[in-house]
Every structure is written in C-alpha cells, then in structure tokens.
Amino acid sequence: MAMSVNVSSSSSSGIINSRFGVSLEPKVSQIGSLRLLDRVHVAPVSLNLSGKRSSSVKPLNAEPKTKDSMIPLAATMVAEIAEEVEVVEIEDFEELAKKLENASPLEIMDKALEKYGNDIAIAFSGAEDVALIEYAHLTGRPFRVFSLDTGRLNPETYRFFDAVEKHYGIRIEYMFPDSVEVQGLVRSKGLFSFYEDGHQECCRVRKVRPLRRALKGLKAWITGQRKDQSPGTRSEIPVVQVDPVFEGLDGGVGSLVKWNPVANVEGNDVWNFLRTMDVPVNTLHAAGYISIGCEPCTKAVLPGQHEREGRWWWEDAKAKECGLHKGNVKENSDDAKVNGESKSAVADIFKSENLVTLSRQGIENLMKLENRKEPWIVVLYAPWCPFCQAMEASYDELADKLAGSGIKVAKFRADGDQKEFAKQELQLGSFPTILVFPKNSSRPIKYPSEKRDVESLTSFLNLVR
C-alpha cells in the first residue's frame, strides 16, 4: 500500500487566510541551486507553561492554588500541550488513484492543486505537455510551473517558453545544471559523448540532478506522462502515486507525490484539446517532432513511427528514458525479455502467411549463400519492442505485396539468447533492424532509414536487390 504522511499543525494557513485576509497566492521564483521554491511560512505557536493562560481543563480543586498544590498546574500543562498536538494525516494514494482512474484531466488537476496549493508545481518540457498548463489555468486556481533548461534545447523551444509565459501571464521557474559538473563532463568526454556511450550520463548531469534539487522544495509535482507514449516503459502509470524515486520537501521515502493527470489520455486527444483551446504550441511539432527534448538527441519522426523513435534513435528501444520517470519504468519487462526469460509472455508479431520465419540455423544458411537466386529482406525484431510493433502492419503488407515477385520477406527474432549473435553477425544496433540480402551477394545491406512504410521499403529494395 502506497501511503504518504502529511503532518499539519493546528495553526493552519487556511485559518490564517480566512480570518486575517492574508493572501496565499503563490510567488513565482527562481528555483536554482542557490534558492529553492519560495514558501509561505506560518509562525510557530510556542507553548505557554507559565500557568497564565486559561486552561480548558477545570482544576480538580476550586480553591486557590497553594505552593504545595501541583495537580491543577499539571492538569493545565497537559491541557495546553494537548492543544498543540499535531494531527497526522495518512493518505492512501493507491486508493485515491483507483477513485480517480476514470476522472478527467481537469478534475485530477483541480484535485492536485486544491490539495497542495503552493507546494506543488507543473513540470513543463516545452512540448505538448503545455496541455497541463491549460488544465491548471481552467481550474481558476493559482499554479506554478518549472522547467529544466539543460543548455542544449532547440531555439524553437526557448521561443515557445516565452510564448507560454506571455499567453498565461506566468513566469516559468527554470532549473539549470551545475556548471562544474557540465564542464567536467564536456572536458573529459566532449560535447557529444552520448553518441558513443549512451545518453544516461549526460541526462543525469543536465536533467536528473537539477530535477532532484527542484523537487526538494515541493511536496508534489505534476507531469505529462501518458501510457501510450511508450508501451514498453509507461504502460502502467497511475494518475497519482507516491513518487518511488525522488524526495520532497519533508525528506525521506514517501515525502513526494506525483500526479499524472493525462496518464489515460491518448496523444490524439491531447492534440484535439490543444487545437480546440487555441493553446500555443512548439513550432517543432509542425516540422514532424512529437517527443521533444535536447537538440542533439531529438529528431522528427515520419508517419507510422512511434513518437519516442525521435529520441535517442541510436539506442535500443528499451533505453529511451532519460531518468526523470525511472520509477514508472517496468522493472521486469525489457530486461527479462532481452535475456530470454519470458519469451512466451509476449505474443509474436509479423504474422502474414507470405512471411518466412527464420531460425538461427536458417539465417546462418542465408548468410552463407554467395549466389542467391532471389533477394531477401529480413527484419531483426523483438515482439515486446514498441517500434517493432508499430511497423507490423506495414511489414505484413509488404510481404503480401511481394508474394510471388521473387523477393522473399522474412523475420528473425533477435532478442534473448540471439541478441549477441545478431550484434556480432547481423549488424544489430537497435530494434527493429532491417537487412536486405541482395541476389548474387553474400553480404547483407542494412536499411539506414527509420521510415518503414511499404513504399519506402520497396524503393530501397529496388535500389539494392
């Protein structure tokens, strides 16, 4: 059971607001490494044990107190201490997530802002998660927005930040990476080390650690995660949860709550909402960008491709997370499948009757043939990979289209215990990898594009077969 403990004093900010008219409208502030999120503080109420305050507990003896009579004084002390005992509220967020499972994003957003006030903020990446800001605006409640400026964002994203601030009349609170850490990384490995040894180290310096500092000043945060963004890693995101990775203002495990108002919303519905509400959007979207991150690690995707294919495209599908939402990555999915531990757990893909299924021996024999009578096109795939799943329809269509043409269309499952073989012998870099074995040639040619529609694959075949 996921629970969060919220400790509140009997002297609450709500009481002060209603009785004395003190405005609790949140202050927009810089939440850099030198200053955390501004908070409204309520002066602590000190205990008065002098006996001069009137006690709510009547003395046991109505006669005047004497020097030797300590019972009334003890009763007074107990009563006054009792007045200041803090109330501990235990929230079951698993149960709350169930109650809100079918709620609208607006209802979830309103609940989050109502519950946490100035202690919650929206994490804004500069993409379609601007929908979160629109939902917060529609609640009529004050809200805060922060963003991670990695120093490597697209110029279009910076201009978009400015447009959002002007549209909503807000100030986005930017978090920056530690300059010493960035200098150390760049001087030791260069500006583009992530192309060589993966993006995790760079993301840790430029994104994860700045985020950790920002969240230390909050009790909750709001993200734009959706289940359909990455079926392999985000398919079980709840609408609200105790953050399994980061700590909040009070410190310790369970001190931060994570809200995901659009977890159950599909990407198309988000865009319909943005168009209907005439919300400003990042101009990169019009250029084919869907998932937007840092400039060196983001590119446009083509029709039919999954949106996350535009991020860290040189890495395996299972690596397409930067670490900000590590707690939502399914721990037992990809790793087990890659190691061949759960082959039967995922249904196979590419099921056209005109498609040849190759075994390890079959593809080894195909590689040995130096004078093939017909060309082959083979996809190296893993059925759990969302990018392989995304091209299933087009590849099956290709097999049906080429049936009887003299071109063989085949598949080879290259995960699990076949992965190392595929890396060494078949040029496997990430899933899916497509190879063409030309006629009268033993060396396969790797398809270089991520455009996997029927027309593009057919055109490539005609050029190299």
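For all residues, glycine too, the Cβ spot is worked out from N, Cα and C.
Among the features that Swiss-Prot reports, transit peptide is placed at 1-53.
Mean per-residue pLDDT, taken over the region 'Reductase domain' (73-327), amounts to 85. What Swiss-Prot records for 73-327 is region 'Reductase domain'.
Helix, strand and coil residue tallies for the domain 'Thioredoxin' (344-465), in that order: 48 helix, 21 strand, 53 coil [DSSP]. What Swiss-Prot lists as domain 'Thioredoxin' is 344-465.
The disulfide bond annotation in Swiss-Prot covers CYS385-CYS388. Every protein chain shown contributes to the tally, and the Cβ of CYS385 (disulfide bond) ends up with 25 other Cβ atoms within 10 Å.
Counting every protein chain shown, 25 other Cβ atoms lie within 10 Å of the Cβ of CYS388 (disulfide bond).
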